[in-house]
Amino acid sequence: MTLNQSSLFGQIDDLQDLAIIERPVRRSLKTAEEIEKLTVDEDLNDIERAVYLLSSGQDVQRASVVISLPSLVRQNPAETFRRVVPKVREVLHVAGVEMQLAAAGSFLTILQDDLILIQTHTHSILQIILLNLDHRDAVVCNAWLETLLSAIDVLPKETIRQEILHPLVSKAQLSQTLQSRLASCRILGKVAGKFESQIVKKDLLPLVRSLCQDVEYEVRSCMCRQLENIARGIGADHTKAVVLPELVELARDEESTVRLAAFETIVNLLEMFESDDKTRVIFPLVKTFCEKCFKADEAVLTSLSFQYGKLCHGLSVEGNFTEEQHLWFLEFYKKLCVLGLHHENGHCESQGYPLELEKKYETVRKNCAYNFPAMVLFADPKTFPSELYPTFSSLCHDPEISVRHTSASGFHEVVKLLGPNVHYIHKELIALLQDDSLEVLDALMNNLQETLELATSRGEGSASENKVSIPDLVPALAAAEQKAATSLKWRIHEKVLQKYSCLPRVISGDQIYFRFLQRMFTIITTNNVLPVQRESARTLCVFLRYNRKQEQRQEIINKLVDQLGQGRSYWNRLRYLDLCEIAMELFSKSYFCKYFLVPALELVNDPVANVRYKLCHMLPKLKSTIKLPTDKHLLQQLEFCVRKLLCREKDKDIMAIARKTVLELDKMDITEPYQKRHEKDLLDQKKEKEENLLLEMEQLERQQSEGKLTTEKHADKKRRDSKPGLSVPKNMAVSNSGSNTTTSVGKEIKKTKLARSRSLSSHPSSSKMVNSDKHIIPSSKIKESGSCPGTGKSSLLPINDDVIRTHHFSAASTSVSPSTSSMPVLIRSNTINTVDHRSNGSKDTQSRKITIKLRQNSV
């Protein structure tokens, strides 16, 4: 036998020995004696049982009575206050912390619910509260104090005067305990708002002055924080005479906590001080406070940096700042923004302070980033490039994530304030998009649409050709999405995809098509997180609606059907049904039926039961998109799909849902109210009109680009023919050719105008839509924007794509459901052939008219 085997057998023997030992097992948690003590006579009523338990019950039973005190008052207030409340008062003398807290909550409930109407009852409760304010445990004292402060809101003035103010005079004296004086400070601040200014000045101000000069700094600090309520209670006039001198004295206190309380109170009361007081008293006081904190009191810097924006705004609101004072506050803010950092080779790095001090400096810079929009307003946005840009760049590149996160959260506010100077912070926007931390990206995404729209539309260096005024914006956006996708935080990735639906308002359709559309397909087909897949499908549908080229739109739709609707993976086919639900919200019924409905119905033959099950759920929604009698063949196909499910389906779950679906399909037209159905029809009509209008805009752009190319060709030919050194006959030929060129240019312009007018007049609904909806661009304005003289340097002007994109969103906002109110409507492609045919058919007539006019002129 080996050593290991012997040790193993030895352990087994020990276990057998332990198994032989008999141990007494206690089958009950309570002994018979304990159960007897906890047993209460069932014949006792609620009041008698409460009195019995408070007198001789266990602590658990007493606590239960205290907790149920509000219900006892509701049932029988007179007996409860006569018999139960005195017992509770006796028990609280020796009660523990839990019972004290329970009693404080119960009495507060009684007072707030207005359960007592008799003055003597109020007196008895307030006596219990005031008696326990002096409890030796600080937690219990605070609980009873909060109960009293909340009760002051619901008590009448006379009760407050008799029961609270009179005992308060004695409790605020120096002979009382520190806890009692601190409670008196908070009570004074609370009751100041309940009485008129004369009563506050007469009865409360002496106590206030006494507590502001208390020997303990905790009392001075607590009373200083209550001076705001005192000042609002006595009014602006008395504040200047009484409160302001106390604040000035407290702001110079030897303790930093008292100075901090005075500073925060001054900031909160700035609107109550006159401009003269701000200039003569407040500004020197605040300046001294800031300088002292910056040099020797890092603990106060955190609160100072947080209140700094409010302070500067309050002091400068009336415009009484001198240039020197204004500059001092601005320079001090710049110092706070780089506190604890040193700049080397254009990068900000920490200076290696102790950890605790470094955390304080980080909080200061974070608060400065929070206040940056207020400081832009304080410094005047026009001076931003010279005064605040380096500071903002430092905050956006700060080594601490929390500082950059705060800068990203308020970036849209800075963009709003800068206006025409927004191009100065383009680099910072790109830097935040490419930040290493996903928290920073998450904060920037919250207001991405507003940020990008303002940043790209008002920059002075904007490039109107590609609709992007920020260099490297598209690569930065693509990299941000990739970074979110590779992380494990799928909720941030979902948010990024949701916010990217605003990109058509910022970048051109070609950039979306080549940089983002394929990425959306990849996410739908390869990502493993369902919410991310669905959000990607919704963003892809939005990109589809914005796309301005018929060939690209058709390619996207074909790809959706091939890779999703007819994909090899059943997971992709399920995503196609999800995409159909999104398409029903975003597109008109006719467009959905034309491109999405038939591939969805074909999934009735899918070999996977989950796909057929989901299709059954969607059949009522699919039927609602069919418009009769135009789409009669689609209705027949849907009915054939239902019959196939009922006759050939073998899955029990699908059969059950199919029967329910058939009943819903039969009741659809009956159960839906007429008003609701009418609203849906109007909504669909608006979507279809918008699609037609966008189609006409696309046609106009195409015609104008062709006319511009023709004009440029003729201009190049004229320049070549007008070179010097030609003979006289050639000069004559040049003049003739020049006249012919002008005639041909005029021809092209007239043909373009005729085609444009016919393309717009071929849809009479567009003109009606102009009168009924303010958000739709009138056809006359489209004509004006596309027409221009054909002679001189002018040529056919292209339609401003920014205006069209803005119109897409504004028009869609009136017709799409609230969840997709910012989405545009896709252009219908089935009217292009008609428009082209009409415009081409008018060419012969137009050319004959021009020939006749030329002959008449020659004669």
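Just so it is clear, glycine is given a Cβ too, placed from its N, Cα and C backbone atoms.
Now, the feature entries from TrEMBL:
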{"type": "REPEAT", "residues": "204-241", "note": "repeat 'HEAT'"}
{"type": "REPEAT", "residues": "243-280", "note": "repeat 'HEAT'"}
{"type": "REPEAT", "residues": "388-422", "note": "repeat 'HEAT'"}
{"type": "REGION", "residues": "698-773", "note": "region 'Disordered'"}
{"type": "COMPBIAS", "residues": "699-723", "note": "compositional bias 'Basic and acidic residues'"}
{"type": "COMPBIAS", "residues": "734-746", "note": "compositional bias 'Low complexity'"}
{"type": "COMPBIAS", "residues": "757-767", "note": "compositional bias 'Low complexity'"}
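Sequence-distant contacts of the repeat 'HEAT' (204-241), counting only residues of its own chain at least 6 positions beyond either end whose CB sits under 8 Å from a CB of the stretch, comprise 168-169, 172, 174, 178, 181-182, 184-186, 188-193, 195, 197, 247, 249-250, 253-255, 257-258, 260-262, 264-265, 268-269, 272-274, 277. The list of residues near the repeat 'HEAT' (243-280) in space but at least 6 beyond its ends in sequence, with Cβ under 8 angstroms from a Cβ of it, reads 208-209, 212, 217-218, 220-222, 224-225, 227-228, 230-232, 234, 236, 286, 289, 292, 297, 299-300, 303-304, 307, 310-311, 314-315, 317-318, 320. Taking DSSP states H, G and I as helix and E and B as strand, the repeat 'HEAT' (204-241) has 32 helix, 0 strand, 6 coil. Remote same-chain partners of the repeat 'HEAT' (388-422), defined as residues 6 or more beyond its termini with a Cβ less than 8 Å from a stretch Cβ, comprise 330, 333-334, 337-338, 341, 343, 347-350, 362, 365-366, 368-370, 372-373, 375-377, 379, 381-382, 428-429, 431-432, 435, 437, 439-441, 443-444, 446-447, 450-451, 454-455, 458-460. For the repeat 'HEAT' (243-280), DSSP puts the residue distribution at 31 helix, 0 strand, 7 coil. In the predicted model, the repeat 'HEAT' (204-241) shows an average pLDDT of 90.
Residue counts of the compositional bias 'Basic and acidic residues' (699-723) by helix, strand and coil are 23 helix, 0 strand, 2 coil (DSSP-based).
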